[in-house]
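Sharing a structure, written as structure tokens. Questions coming.
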């Protein structure tokens, strides 16, 4: 514990020219020196505390020395903390670098800039105990659970707190005028009524009326900041209340629809809540809550926002897609979050899907597959979720390919190969059959198989070799062709088909004549063809309904 | 055991101790008794044996302590934490004994071996002690001195006590036993050991001076509020107003007020000074429903012991206006906080102060300057956010600004050392500043000039505070005294001496009859202003006390220390109601809201915390009964963006002002 040893005293003595210091003196001097040092440090800590600081400076030591009537040590005026350097070759030896300065240089050097003068600024740290979200205050961390908080950080547009609080820069001089917000009594009543409706009776007719009013009335603009705040608050607190969330999203939609409302400045506050409703881990507390519906609704909402304001906020869509893709690619996130992300991306349009979703499709499906199988995933809810995700992926991919194919009004060739290939695969690999049939089950969740899904429209439940019938269920006109092709494929079911082009040559026996030129187009658009092929590999024949009937006819 | 042998031991012991006379007598007696052969009990013989070996050297401290330590650590879990408390006093006294006997090397070795055990609880003390390396240091150092002179009070249950004694006797650790007898005062409580939760009173230091402290705390203090205060008048006025609504004429108002006052005062003269104020006005009309007024009037009224300055009527009017417009605060209605941030201070801001209406902000700098900003004016110029509240309340005469718009502040120069404290007079026309140059200066914000320089302290003046009524002020200094001054005299009126170390902060009681001082000796003292006597000593803090606040009803006091602990004290009993734990660094400032329901604390950890005072006092009362330690509620933490909070002030309308210098991070 002794910091000052006998040796140090000897060294110090030598350095000031005392060579004949007896060891006894050094020995008895050392503890006393140490005691004095500690005494000085104790006093300097007092000085530090009274200067309201928590770091000790050389000034404090000087004041402590003067308290003890000792001359201060010169040469250590501290502007900032002292910079100690480690002495080479010694582990615990430090020194302060003391550079030699040429006086000439010092004199000739330009005068340093005068330091800024001290100033005082003023802001609200809290208003009635609540901290306003202004730049001067430390950021309040998002209190919403799980994904909510991370999304808040990702999405929120920084530094544009244009709310009703004052906003002054860090510069002391220009404090901007506070915007005084005056609400008429009528508007307040209106706001109170609408919020009350949203919170309590979102199923009532009155609420629908309110939504219509929100979407059409012209005088509502002063209420927008309050609505955005209200929505943000309620979403962050009410993630377990499904009906409330849905009602809130409908309010958002109505506000967005209103042509008289200038919503842009508040978008950054609105977006986190909306995105939360899209990709939160849990929406609603009960199993019966159809949060899929909410997610779909919100996905469309997000897409409409992007369409409308994408040109104003150039980074809006990129931020959004980034968030969604991150959610989609993170295997740790729940399937519900993946679903939301996929739906959101799909709603943003086929191009987004093609660029962001499809490249990641294959590995993702591979991850998803075990979740969907009865043997691997015992938890029915989980399995159901997995099938949901699968369905949404399918739909997204299907729409994408549909969109691609639409470009070529008389698109010919890719389809047949596709059909062929599907059939071949189906026949070759029995697991696929099972999967396909399960897929139907998924599309109409096991409990309610009765309704037919408009998108996919497959009623197939049999697992006969020619379950092409199922597909044909909705497209009766193409039944024949498919059966035909299937028989054709049956004939050559042992063909290993690796190359699309090769296949096209083989299968196009019947349609070859239709257009050689179209084959050319096909080659040009190899990309979309490849996409299609890969989709088939992943989805099987479920992708078929997305391909327009005309092409199927073409095929005939 | 052979008697001769015993006799041998005894004579050896007596020789060693230099009791030659006794030795002779003993030998004589031994010779005569030999025939009688009344054998000494072997037990005693053993003791004598060990005594004769007593002076064998410093190792016995080491051995004794390590034996006690290992025994304690092996003891029953239920009693362990109680027994562990004994270790620390034994440890430091062993160490000091070793040092005192000159075994410096052994002392060091001993200290280093066992210091880790106590570092968590007593790091600061250990750091102080480890520098003590010679007997003279022990004499010199006030901390060691006070340790030597005082006794530790340790609460311990009956069984633990027995266990301890048994152990010490069975192992014949006479050294340790001696230390325990000499320096520890056991307060044996019957029944089960106290709960493991750290009871602040489990181990307390008391000594010759501290015994006096207990006596001191027996003294009666009158913590009531001043009679005829403005608040009381307001209350009366409001009740009168309601009367006049009934139809009474305005002209009668003055008369009735006087009529009502008279019987109250008459009663007070009869009774002693402590006199519960009869809420005549309120009860007569029964119309007064203001909760705040009721709580205030619940406090007893006392007479001022100092002649009080007269408040000008216009000032009185503005204060009354403020009181009428006061916002009611409670655990559900939190205050608004306006934060003044000092920018570009270059690490030089050493204190800050805010006037009662929040319109003036002063900063004391280490370059000896004092700068005052008129925020109301600043607000007008740039239309700052503090629009109405401030402009209404700022009745101050306008300040002639010398800089002509160049500088936003008024610069007061005159000190020749860092300015450690500043304090505004209640109306805001004067500022006091105290500095390292051992002077206190009085400045006028009206004339922007230095009016008086008060010299009296011999060392840096750490703190200065205007009394709640103005005119008088108190200062505290490194010279271990606190002093009371009045504005018109350059000599102090009273000198309060008694602290064992620097007096770091000072605060007036609401009725101006007392001041409280916090010191580096980790105690808070309450002094009677009239007599200059210490009337309370509050022991319990573990480090230097940095801030004090008195509740507006005069009943409670809060003190904040270097570690971030805040303690709430009951003035009349002198006991800690409850420690408020939450801050992680120095508590620079404390403030009670005007009706006393909320305590605000500002700390170096860059946050303002709001505490619920009502529950804290209530809970602790329940705590006393049930013995259940439950901490009081922290209502809210308001973090700043890396600005340590130097000063806090509730305006009379209960708007909270806070100030601090922005610290650059990184």
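Cβ from N, Cα, C; glycine included.
Per TrEMBL, the feature compositional bias 'Polar residues' maps to B:285-297, B:381-400. Residues annotated as domain 'TFIID subunit TAF5 NTD2' in TrEMBL: B:56-184. Residues or ranges marked as region 'Disordered' by TrEMBL: B:191-210, B:236-298, B:381-407. Summarising the annotation, TrEMBL assigns repeat 'WD' to B:412-444, B:454-495, B:496-537, B:538-579, B:580-621.
Help me picture these features in the structure, burial and contacts included.
The helix, strand and coil residue counts that DSSP assigns across the repeat 'WD' (B:412-444) are 0 helix, 20 strand, 13 coil.
Same-chain neighbours of the repeat 'WD' (B:454-495): 306, 308-309, 311, 417, 420-427, 430, 432-442, 501-508, 510, 512, 515, 517, 519, 527, 529, 532, counting only residues six or more beyond its ends whose CB sits under 8 Å from a CB of the stretch.
Computed over the repeat 'WD' (B:496-537), the whole-number mean pLDDT of the model equals 90.
Under DSSP, residues within the repeat 'WD' (B:580-621) fall into helix, strand and coil as 9 helix, 19 strand, 14 coil.
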Given a Cβ distance threshold of under 8 angstroms, which distant residues of the chain, six or more beyond its ends, lie next to the repeat 'WD' (B:580-621)?
292, 295-296, 326, 328-331, 334-335, 337, 546-553, 556, 558-568, 570, 630-650, 652-654, 656, 658, 660, 663
Is it possible to list how many residues within the domain 'TFIID subunit TAF5 NTD2' (B:56-184) are helical, extended or coil according to DSSP?
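The counts are 104 helix, 9 strand, 16 coil.
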